[in-house]
Amino acid sequence: MKSVSSVSLRSCNRFKYPQPFKMSDYPPTGLSKGVKELPEWIQKGCGNEEYYCEEKGATFLGAADKMPDELPDLSEHNNFLTDVLKKQPELYKNLKDKKTKLGVTLGHCIKTGIDNKGHPMIKTVGLVAGDEESYELFAELFEPVISARHGGYPKDAVHPTDLDVSKLTDTKIDPTGKYVLTSRCRTGRSVKGFKLPPVTDFEERRKLEALVVKGLLSMEGDLKGDYFPLHGSQSYAPKPNGMSLEKEEELRTAGNLFQEPDSTLLLSSGCGRHWPDARGIFHNEASNLFVWVNEEDQMRIVSMEKGDDIKRIITRFANATTQIQKVLKAEGADFMHSEHLGWILTCPSNLGTGLRAGCMVKVPLFSARPDFKAVCAKMGLQTRGTAGVDSASTGGTWDISNADRLGKSEVQLVNIFIEGVAQIIRWEQALEAGENIDEAVAKAGLPAKF
């Protein structure tokens, strides 16, 4: 039987991609024109080398021949990685000289958490995987970080996977159509035999793009669409300089396309290297299915639409992942998946389902309660402002989604989301009617049947 990597990589060679005209002005030996217009501290993470920027305190190097013998001072660090390293400093020496079959070191995985001491609004993980084997070879470090990030996940736990949409609850989130503005479901997928974005090299990223795009362009019916590389990418022959600036701006303005790597978390992780080469977005003709290619994850899949029809959104999402996987298998590849960790993705925070089912919902009265976020957390929900994880609400509108990723199946998490947001809307209606909801709110928790 042929290996996954040999079959998938060879099959991708059938996709011809143009070579840059001046390699000094394009990765891997230079920087792209668009990157040269960005601040220097971002440019330093978009070439071929590891991110090194004294201005941003990014000075830890993770390559096997560059890792220091001792860890730097971690006393002011506050992330899940450094919490573990402070308690078990011997882990660094125990794992420092190990390397996965694809060449990933411990340093590659921990660099972002060493370079970035913490975040003012959220507790970051500080740890990424460079390939599928990273989670096994460096398990002494990954397992306690995963357990802490996911609220206690045992080393011998088995993660359930279930995308059977027929098992979704029939509860209507917003029967009146007054409260939910938009709904979406997103997850990630990675392809076996390839390194993950923090460590992948220039040619490998292009081969992965070709393989994934082949799967995306095979989709038909309401999933049929086209692929648009980032503006300036020279990796995809049908669009040799990527999408137009106008198309890119249109997608970004609508919140459907990722930014350049303007965060030291991403730059230190290695996800900015060779930007923008072999990155892009697929979307269907109705613009309610989007697939990001080669950003933080190899694939980030988003299904969305106005209103609260989460069943239709999940069905579209499930059909898309099934079709992509079918093409991958025909090419000798498949998604990364583990019985213990579920779908394998770059950041441990997204392991398991990698799924975030959420909606923009306007609940100004209920969200004005001082215990709003705490009550949502008891119900298995996470709240974000209208512009993301550390932003504020606008006019009582919040982005509410499932909080968990690991340890519960896709169906369980979506049902928790549906039942939870439906209850929040009922409380909002009660407050509009002048009713007291304190007794009911005090009993809030996860739905008993899920």
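Heads up, the Cβ atoms here are built off N, Cα and C, so glycines get one too.
Listed in TrEMBL for this protein:
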type	residues	note
DOMAIN	63-151	domain 'Phosphagen kinase N-terminal'
DOMAIN	179-431	domain 'Phosphagen kinase C-terminal'
BINDING	182-186, ARG300, 356-360, 384-389	ATP binding site
Across the domain 'Phosphagen kinase N-terminal' (63-151), DSSP labelling yields 39 helix, 2 strand, 48 coil
Nonlocal residues around ARG356 (ATP binding site), in sequence order (Cβ under 8 Å, 6 or more apart): CYS185, ARG186, THR187, SER401, ASN402, ARG405
Measuring CB to CB from THR182 (ATP binding site), give everything in the same chain under 8 Å that is also at least six residues away in sequence. MET304, GLU305, LYS306, GLY307, CYS359, MET360
Determine the Cβ neighbour count for CYS359 (ATP binding site): the number of other Cβ atoms within 10 Å of its Cβ. 25
Using a 10 Å radius around its CB, how many other CB atoms surround CYS185 (ATP binding site)? 26
CB contacts for GLY385 (ATP binding site) [other CB atoms within 10 A, all chains]: 14
